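Okay, structure first, notes after.
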Amino acid sequence: MTNLRKTYPIIKIINQPFIDLPAPSNILAWWNFGSLLGMCLMIQIITGLFLAMHYTPDTSTAFSSVAHICREVNYGWLIRNLHANGASVFFMCLYLHIGRGIYYGSYLYKETWNIGVILLLMTMMTALINYVLPWGQMSFWGATVITNLLSAIPYIGTTLVEWIWGGFSVDKATLTRFFAFHFILPFIITAMVIVHLLFLHETGSNNPSGINPDSDKIPFHPYYTIKDALGLALMLLILLLLALFSPDMLSDPDNFSPANPLNTPQHIKPEWYFLFAYAILRSIPNKLGGVLALLASILILFMMPLLHTSKQRSLTFRPISQTLFWILVANLITLTWIGGQPVEQPFIIIGQVASISYFLLIIILMPLAGLFENYMLEPKW
(Lines of atoms letter the chains of each structure in order from A and count residues from 1; the text may use other names and numbers.)
(Lines give C-alpha, C1' and ligand atoms only; values in the text may rest on other atoms or scores of the structure.)
Protein backbone atom coordinates (compact mmCIF):
# COMPACT_ATOMS: atom_id res chain seq x y z
CA MET A 1 0.00 0.00 0.00
CA THR A 2 2.92 2.35 0.74
CA ASN A 3 4.28 1.91 -2.77
CA LEU A 4 0.83 2.43 -4.31
CA ARG A 5 0.43 5.65 -2.29
CA LYS A 6 3.71 6.94 -3.65
CA THR A 7 3.46 5.68 -7.24
CA TYR A 8 -0.21 5.68 -8.36
CA PRO A 9 -0.69 9.01 -10.24
CA ILE A 10 -3.97 10.17 -8.63
CA ILE A 11 -3.14 9.04 -5.06
CA LYS A 12 0.35 10.55 -5.45
CA ILE A 13 -1.19 14.01 -6.00
CA ILE A 14 -2.99 13.70 -2.62
CA ASN A 15 -0.01 12.04 -0.90
CA GLN A 16 2.52 14.82 -1.50
CA PRO A 17 0.61 17.76 0.04
CA PHE A 18 -1.50 15.94 2.68
CA ILE A 19 0.24 12.74 3.86
CA ASP A 20 4.02 12.68 3.42
CA LEU A 21 4.47 16.46 3.53
CA PRO A 22 7.36 17.30 5.92
CA ALA A 23 5.96 19.82 8.43
CA PRO A 24 7.74 21.66 11.29
CA SER A 25 7.25 19.83 14.60
CA ASN A 26 6.38 22.98 16.57
CA ILE A 27 3.54 24.65 14.63
CA LEU A 28 0.61 25.84 16.75
CA ALA A 29 -3.17 25.74 16.38
CA TRP A 30 -2.82 29.10 14.51
CA TRP A 31 -1.67 27.02 11.52
CA ASN A 32 -5.08 25.26 11.42
CA PHE A 33 -6.84 28.15 9.70
CA GLY A 34 -5.63 27.21 6.20
CA SER A 35 -7.47 23.88 6.33
CA LEU A 36 -10.48 25.56 8.00
CA LEU A 37 -10.66 28.07 5.13
CA GLY A 38 -10.59 25.19 2.62
CA MET A 39 -13.48 23.59 4.48
CA CYS A 40 -15.41 26.89 4.62
CA LEU A 41 -14.97 27.27 0.86
CA MET A 42 -16.32 23.74 0.31
CA ILE A 43 -19.34 24.40 2.56
CA GLN A 44 -20.06 27.70 0.75
CA ILE A 45 -19.84 26.10 -2.72
CA ILE A 46 -22.07 23.13 -1.77
CA THR A 47 -24.74 25.19 0.06
CA GLY A 48 -24.56 27.89 -2.64
CA LEU A 49 -25.13 25.31 -5.37
CA PHE A 50 -28.31 24.06 -3.66
CA LEU A 51 -29.52 27.64 -3.11
CA ALA A 52 -28.90 28.47 -6.80
CA MET A 53 -31.24 25.59 -7.78
CA HIS A 54 -34.18 27.45 -6.21
CA TYR A 55 -33.16 31.13 -6.43
CA THR A 56 -34.41 33.36 -9.28
CA PRO A 57 -32.20 36.37 -10.16
CA ASP A 58 -35.06 38.69 -11.10
CA THR A 59 -36.08 41.87 -9.25
CA SER A 60 -39.76 40.85 -9.12
CA THR A 61 -39.17 37.35 -7.69
CA ALA A 62 -35.72 37.35 -5.98
CA PHE A 63 -37.00 38.30 -2.51
CA SER A 64 -39.93 35.86 -2.64
CA SER A 65 -37.66 33.07 -3.97
CA VAL A 66 -35.46 33.42 -0.85
CA ALA A 67 -38.62 33.27 1.31
CA HIS A 68 -39.72 30.20 -0.70
CA ILE A 69 -36.35 28.49 -0.04
CA CYS A 70 -36.74 29.05 3.72
CA ARG A 71 -40.39 27.98 3.90
CA GLU A 72 -41.08 25.37 1.25
CA VAL A 73 -37.80 23.72 0.19
CA ASN A 74 -36.72 20.65 2.20
CA TYR A 75 -34.19 21.92 4.75
CA GLY A 76 -33.98 25.14 2.72
CA TRP A 77 -33.91 27.19 5.95
CA LEU A 78 -30.84 25.20 7.10
CA ILE A 79 -29.04 25.52 3.75
CA ARG A 80 -29.65 29.28 3.68
CA ASN A 81 -28.61 29.76 7.32
CA LEU A 82 -25.44 27.69 6.79
CA HIS A 83 -24.59 29.72 3.67
CA ALA A 84 -25.23 33.12 5.29
CA ASN A 85 -23.42 32.32 8.56
CA GLY A 86 -20.78 30.29 6.70
CA ALA A 87 -19.66 33.58 5.12
CA SER A 88 -19.20 35.10 8.60
CA VAL A 89 -17.19 32.09 9.83
CA PHE A 90 -15.19 32.22 6.56
CA PHE A 91 -14.16 35.83 7.23
CA MET A 92 -13.43 35.11 10.91
CA CYS A 93 -11.00 32.37 9.81
CA LEU A 94 -9.63 34.58 7.01
CA TYR A 95 -8.79 37.49 9.32
CA LEU A 96 -7.23 35.15 11.92
CA HIS A 97 -5.18 33.51 9.13
CA ILE A 98 -3.89 36.93 7.96
CA GLY A 99 -3.22 37.98 11.56
CA ARG A 100 -1.16 34.83 12.11
CA GLY A 101 0.74 35.55 8.88
CA ILE A 102 1.63 39.05 10.10
CA TYR A 103 2.52 37.94 13.66
CA TYR A 104 4.81 35.10 12.62
CA GLY A 105 6.32 36.79 9.55
CA SER A 106 4.79 34.37 7.02
CA TYR A 107 4.59 37.28 4.53
CA LEU A 108 8.29 36.71 3.78
CA TYR A 109 7.16 33.83 1.55
CA LYS A 110 6.35 36.56 -0.98
CA GLU A 111 4.60 34.55 -3.71
CA THR A 112 2.39 32.66 -1.23
CA TRP A 113 1.55 35.92 0.59
CA ASN A 114 0.73 37.90 -2.57
CA ILE A 115 -1.54 35.14 -3.90
CA GLY A 116 -3.17 35.09 -0.44
CA VAL A 117 -3.89 38.84 -0.65
CA ILE A 118 -5.37 38.34 -4.15
CA LEU A 119 -7.52 35.55 -2.64
CA LEU A 120 -8.67 37.98 0.08
CA LEU A 121 -9.66 40.57 -2.56
CA MET A 122 -11.55 37.94 -4.60
CA THR A 123 -13.35 36.65 -1.48
CA MET A 124 -14.32 40.22 -0.53
CA MET A 125 -15.64 40.83 -4.04
CA THR A 126 -17.66 37.58 -3.92
CA ALA A 127 -19.15 38.50 -0.53
CA LEU A 128 -19.88 42.06 -1.68
CA ILE A 129 -21.94 41.05 -4.72
CA ASN A 130 -23.72 38.41 -2.63
CA TYR A 131 -25.23 41.19 -0.50
CA VAL A 132 -27.38 42.23 -3.48
CA LEU A 133 -28.94 38.82 -4.19
CA PRO A 134 -31.71 38.60 -1.50
CA TRP A 135 -33.04 41.92 -2.93
CA GLY A 136 -33.97 43.35 0.46
CA GLN A 137 -33.71 47.02 1.45
CA MET A 138 -30.06 46.83 2.49
CA SER A 139 -29.26 44.74 -0.64
CA PHE A 140 -30.56 47.47 -2.94
CA TRP A 141 -29.16 50.47 -1.08
CA GLY A 142 -25.88 48.75 -0.19
CA ALA A 143 -25.34 47.91 -3.87
CA THR A 144 -26.25 51.47 -4.90
CA VAL A 145 -23.84 53.08 -2.42
CA ILE A 146 -20.90 50.67 -2.89
CA THR A 147 -21.03 50.63 -6.72
CA ASN A 148 -21.46 54.43 -6.70
CA LEU A 149 -17.99 54.72 -5.14
CA LEU A 150 -16.57 54.02 -8.60
CA SER A 151 -18.04 57.34 -9.77
CA ALA A 152 -15.19 58.98 -7.81
CA ILE A 153 -12.79 57.88 -10.59
CA PRO A 154 -12.07 61.00 -12.70
CA TYR A 155 -13.52 61.23 -16.26
CA ILE A 156 -14.75 57.62 -16.61
CA GLY A 157 -16.40 57.18 -13.17
CA THR A 158 -20.05 57.79 -14.08
CA THR A 159 -19.82 55.77 -17.30
CA LEU A 160 -18.17 52.90 -15.40
CA VAL A 161 -20.93 52.83 -12.75
CA GLU A 162 -23.68 52.76 -15.41
CA TRP A 163 -21.79 50.02 -17.27
CA ILE A 164 -21.65 47.89 -14.09
CA TRP A 165 -25.34 48.58 -13.34
CA GLY A 166 -26.37 47.78 -16.92
CA GLY A 167 -28.63 50.85 -16.83
CA PHE A 168 -29.16 54.11 -14.96
CA SER A 169 -29.82 52.50 -11.56
CA VAL A 170 -29.44 49.18 -9.71
CA ASP A 171 -32.07 47.03 -11.42
CA LYS A 172 -32.76 43.64 -13.04
CA ALA A 173 -29.60 43.72 -15.20
CA THR A 174 -27.46 44.41 -12.11
CA LEU A 175 -29.02 41.56 -10.13
CA THR A 176 -28.58 39.06 -12.99
CA ARG A 177 -24.92 39.86 -13.61
CA PHE A 178 -24.12 39.93 -9.87
CA PHE A 179 -25.67 36.47 -9.50
CA ALA A 180 -23.58 35.19 -12.43
CA PHE A 181 -20.38 36.60 -10.88
CA HIS A 182 -21.29 35.31 -7.42
CA PHE A 183 -21.74 31.82 -8.88
CA ILE A 184 -18.48 31.68 -10.86
CA LEU A 185 -16.06 33.45 -8.48
CA PRO A 186 -15.84 30.66 -5.83
CA PHE A 187 -14.58 28.26 -8.52
CA ILE A 188 -11.91 30.78 -9.58
CA ILE A 189 -11.02 31.14 -5.87
CA THR A 190 -10.65 27.33 -5.64
CA ALA A 191 -8.18 27.38 -8.55
CA MET A 192 -6.24 30.20 -6.86
CA VAL A 193 -6.17 28.21 -3.58
CA ILE A 194 -4.39 25.37 -5.43
CA VAL A 195 -1.77 27.87 -6.71
CA HIS A 196 -1.47 29.27 -3.14
CA LEU A 197 -0.77 25.73 -1.85
CA LEU A 198 1.70 24.99 -4.67
CA PHE A 199 3.81 28.00 -3.72
CA LEU A 200 3.52 27.17 0.00
CA HIS A 201 4.78 23.63 -0.57
CA GLU A 202 7.75 24.97 -2.55
CA THR A 203 9.10 26.60 0.63
CA GLY A 204 7.42 24.54 3.36
CA SER A 205 5.52 25.97 6.33
CA ASN A 206 6.83 28.71 8.57
CA ASN A 207 6.89 28.06 12.35
CA PRO A 208 6.43 30.12 15.57
CA SER A 209 10.16 30.59 16.19
CA GLY A 210 10.76 31.99 12.68
CA ILE A 211 13.91 29.81 12.46
CA ASN A 212 14.55 27.39 9.56
CA PRO A 213 12.85 24.13 10.68
CA ASP A 214 14.54 21.76 8.17
CA SER A 215 16.44 19.93 10.93
CA ASP A 216 13.25 18.97 12.79
CA LYS A 217 10.30 17.93 10.63
CA ILE A 218 7.52 15.36 10.99
CA PRO A 219 5.05 13.91 8.45
CA PHE A 220 1.80 15.83 8.04
CA HIS A 221 -0.25 12.65 8.53
CA PRO A 222 -1.20 11.56 11.20
CA TYR A 223 0.05 14.45 13.41
CA TYR A 224 -1.48 17.46 11.69
CA THR A 225 -4.45 15.69 10.08
CA ILE A 226 -5.66 14.89 13.63
CA LYS A 227 -4.88 18.43 14.78
CA ASP A 228 -6.77 19.90 11.79
CA ALA A 229 -9.70 17.55 12.46
CA LEU A 230 -10.06 19.00 15.98
CA GLY A 231 -10.04 22.56 14.60
CA LEU A 232 -12.57 21.50 11.99
CA ALA A 233 -14.91 20.04 14.63
CA LEU A 234 -14.74 23.29 16.64
CA MET A 235 -15.39 25.42 13.54
CA LEU A 236 -18.40 23.28 12.54
CA LEU A 237 -19.70 23.55 16.11
CA ILE A 238 -19.51 27.37 15.97
CA LEU A 239 -21.16 27.41 12.52
CA LEU A 240 -23.99 25.10 13.62
CA LEU A 241 -24.54 27.07 16.84
CA LEU A 242 -24.87 30.23 14.73
CA ALA A 243 -27.05 28.65 12.03
CA LEU A 244 -29.40 26.80 14.40
CA PHE A 245 -29.70 29.06 17.46
CA SER A 246 -29.25 32.63 16.21
CA PRO A 247 -29.17 32.57 12.39
CA ASP A 248 -30.04 36.27 12.03
CA MET A 249 -27.66 37.61 14.69
CA LEU A 250 -25.18 38.90 12.08
CA SER A 251 -27.80 39.95 9.48
CA ASP A 252 -29.28 43.42 9.03
CA PRO A 253 -32.97 43.77 10.00
CA ASP A 254 -33.54 46.08 6.99
CA ASN A 255 -32.83 43.17 4.65
CA PHE A 256 -36.05 41.44 5.76
CA SER A 257 -38.02 44.13 3.89
CA PRO A 258 -38.24 43.92 0.06
CA ALA A 259 -36.13 46.47 -1.85
CA ASN A 260 -37.84 49.84 -2.22
CA PRO A 261 -36.02 52.46 -4.36
CA LEU A 262 -38.29 55.21 -2.92
CA ASN A 263 -37.42 54.59 0.74
CA THR A 264 -33.83 54.97 1.99
CA PRO A 265 -32.87 53.04 5.18
CA GLN A 266 -31.75 55.17 8.14
CA HIS A 267 -28.22 53.70 8.20
CA ILE A 268 -26.73 52.07 5.11
CA LYS A 269 -23.93 49.70 6.10
CA PRO A 270 -22.31 46.51 4.75
CA GLU A 271 -21.90 43.14 6.52
CA TRP A 272 -19.87 43.16 9.76
CA TYR A 273 -16.71 41.83 8.07
CA PHE A 274 -16.45 44.94 5.85
CA LEU A 275 -17.18 47.50 8.58
CA PHE A 276 -13.49 48.28 9.29
CA ALA A 277 -12.91 49.26 5.64
CA TYR A 278 -16.26 51.12 5.54
CA ALA A 279 -15.23 53.14 8.63
CA ILE A 280 -11.96 54.14 6.89
CA LEU A 281 -13.96 55.13 3.77
CA ARG A 282 -16.38 57.28 5.83
CA SER A 283 -13.68 58.94 7.93
CA ILE A 284 -12.43 60.98 4.94
CA PRO A 285 -14.83 63.80 3.89
CA ASN A 286 -13.65 63.72 0.24
CA LYS A 287 -15.23 60.99 -1.95
CA LEU A 288 -12.14 60.13 -4.03
CA GLY A 289 -9.91 60.32 -0.94
CA GLY A 290 -12.22 57.93 0.90
CA VAL A 291 -12.21 55.41 -1.96
CA LEU A 292 -8.39 55.55 -2.18
CA ALA A 293 -8.10 55.05 1.61
CA LEU A 294 -10.51 52.10 1.39
CA LEU A 295 -8.38 50.46 -1.32
CA ALA A 296 -5.16 51.29 0.54
CA SER A 297 -6.45 49.63 3.74
CA ILE A 298 -6.47 46.25 1.92
CA LEU A 299 -3.69 46.75 -0.66
CA ILE A 300 -1.27 47.75 2.13
CA LEU A 301 -0.96 44.00 2.80
CA PHE A 302 1.05 43.71 -0.45
CA MET A 303 3.64 46.01 1.18
CA MET A 304 4.17 43.84 4.29
CA PRO A 305 7.33 42.08 2.95
CA LEU A 306 8.82 45.50 2.01
CA LEU A 307 8.09 46.96 5.46
CA HIS A 308 9.88 44.13 7.32
CA THR A 309 12.98 45.66 8.92
CA SER A 310 13.75 43.19 11.73
CA LYS A 311 16.57 40.63 11.67
CA GLN A 312 14.10 38.20 13.23
CA ARG A 313 11.23 36.81 11.21
CA SER A 314 8.60 36.24 13.90
CA LEU A 315 7.26 38.52 16.65
CA THR A 316 7.76 35.70 19.22
CA PHE A 317 10.89 37.30 20.71
CA ARG A 318 10.08 40.96 19.91
CA PRO A 319 8.03 42.51 22.77
CA ILE A 320 7.82 46.07 21.31
CA SER A 321 6.53 44.83 17.94
CA GLN A 322 4.15 42.46 19.76
CA THR A 323 2.65 45.42 21.65
CA LEU A 324 2.18 47.35 18.37
CA PHE A 325 0.60 44.28 16.74
CA TRP A 326 -2.02 43.98 19.50
CA ILE A 327 -2.67 47.74 19.33
CA LEU A 328 -3.32 47.21 15.59
CA VAL A 329 -5.80 44.40 16.41
CA ALA A 330 -7.59 46.66 18.95
CA ASN A 331 -7.58 49.43 16.32
CA LEU A 332 -9.30 47.16 13.75
CA ILE A 333 -11.93 46.13 16.32
CA THR A 334 -12.55 49.85 17.02
CA LEU A 335 -12.92 50.54 13.27
CA THR A 336 -15.40 47.63 12.96
CA TRP A 337 -17.48 49.12 15.80
CA ILE A 338 -17.34 52.64 14.29
CA GLY A 339 -18.41 51.34 10.85
CA GLY A 340 -21.71 50.18 12.35
CA GLN A 341 -22.44 53.51 14.10
CA PRO A 342 -24.28 56.54 12.63
CA VAL A 343 -22.22 59.38 11.11
CA GLU A 344 -22.26 61.78 14.07
CA GLN A 345 -19.95 62.90 16.87
CA PRO A 346 -18.12 61.38 18.72
CA PHE A 347 -18.05 58.48 16.21
CA ILE A 348 -16.65 60.66 13.38
CA ILE A 349 -13.54 61.75 15.30
CA ILE A 350 -12.96 58.25 16.77
CA GLY A 351 -13.13 56.81 13.22
CA GLN A 352 -10.67 59.41 11.90
CA VAL A 353 -8.17 58.80 14.73
CA ALA A 354 -8.48 55.00 14.29
CA SER A 355 -8.03 55.30 10.49
CA ILE A 356 -4.88 57.44 10.81
CA SER A 357 -3.42 55.15 13.50
CA TYR A 358 -4.13 52.06 11.30
CA PHE A 359 -1.86 53.36 8.52
CA LEU A 360 0.60 54.90 10.99
CA LEU A 361 1.09 51.56 12.79
CA ILE A 362 1.69 49.52 9.63
CA ILE A 363 3.77 51.99 7.58
CA ILE A 364 5.83 53.79 10.25
CA LEU A 365 5.65 52.42 13.81
CA MET A 366 6.10 48.67 13.17
CA PRO A 367 9.10 49.08 10.80
CA LEU A 368 10.69 51.54 13.30
CA ALA A 369 10.12 49.06 16.14
CA GLY A 370 11.90 46.39 14.05
CA LEU A 371 14.92 48.68 13.56
CA PHE A 372 14.98 49.59 17.26
CA GLU A 373 14.86 45.91 18.27
CA ASN A 374 17.78 45.20 15.90
CA TYR A 375 19.72 47.95 17.65
CA MET A 376 18.84 46.55 21.09
CA LEU A 377 20.15 43.12 20.05
CA GLU A 378 23.55 44.64 19.25
CA PRO A 379 23.78 47.89 21.25
CA LYS A 380 26.63 50.21 20.27
CA TRP A 381 27.26 51.56 23.78
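Keep in mind that glycine also has a Cβ here, set from the backbone N, Cα and C atoms.
As recorded in Swiss-Prot, the features of this protein are as follows:
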- 33-53: transmembrane segment (TRANSMEM)
- 77-98: transmembrane segment (TRANSMEM)
- H83, H182: heme b b562 binding site (BINDING)
- H97, H196: heme b b566 binding site (BINDING)
- 113-133: transmembrane segment (TRANSMEM)
- 178-198: transmembrane segment (TRANSMEM)
- H201: ubiquinone binding site (BINDING)
- 226-246: transmembrane segment (TRANSMEM)
- 288-308: transmembrane segment (TRANSMEM)
- 320-340: transmembrane segment (TRANSMEM)
- 347-367: transmembrane segment (TRANSMEM)
Proximity of the transmembrane segment (288-308) to the transmembrane segment (33-53), 3+ C-beta pairs under 8 angstroms: no
Can you say which of 33-53, 77-98, 113-133, 320-340 has the most Cβ pairs under 8 Å with the transmembrane segment (347-367)? 320-340
Which of H83, H182, H201, the listed binding-site residues, has fewest other Cβ atoms within 10 Å: H201
When a 10 Å sphere is centred on the Cβ of H97 (heme b b566 binding site), how many other Cβ atoms does it contain? 20
Of 33-53, 77-98, 113-133, 226-246, whichever stretch has the most CB pairs under 8 A to the transmembrane segment (178-198): 113-133
Restricting to CB pairs under 8 Å, which listed stretch, 33-53, 113-133, 226-246, is in contact most with the transmembrane segment (77-98)? 33-53
Taking all protein chains shown into account, the Cβ-based neighbour count within 10 Å for H196 (heme b b566 binding site) is 21
Tell me the Cα distance separating H83 (heme b b562 binding site) from H97 (heme b b566 binding site), rounded to the nearest angstrom. 21
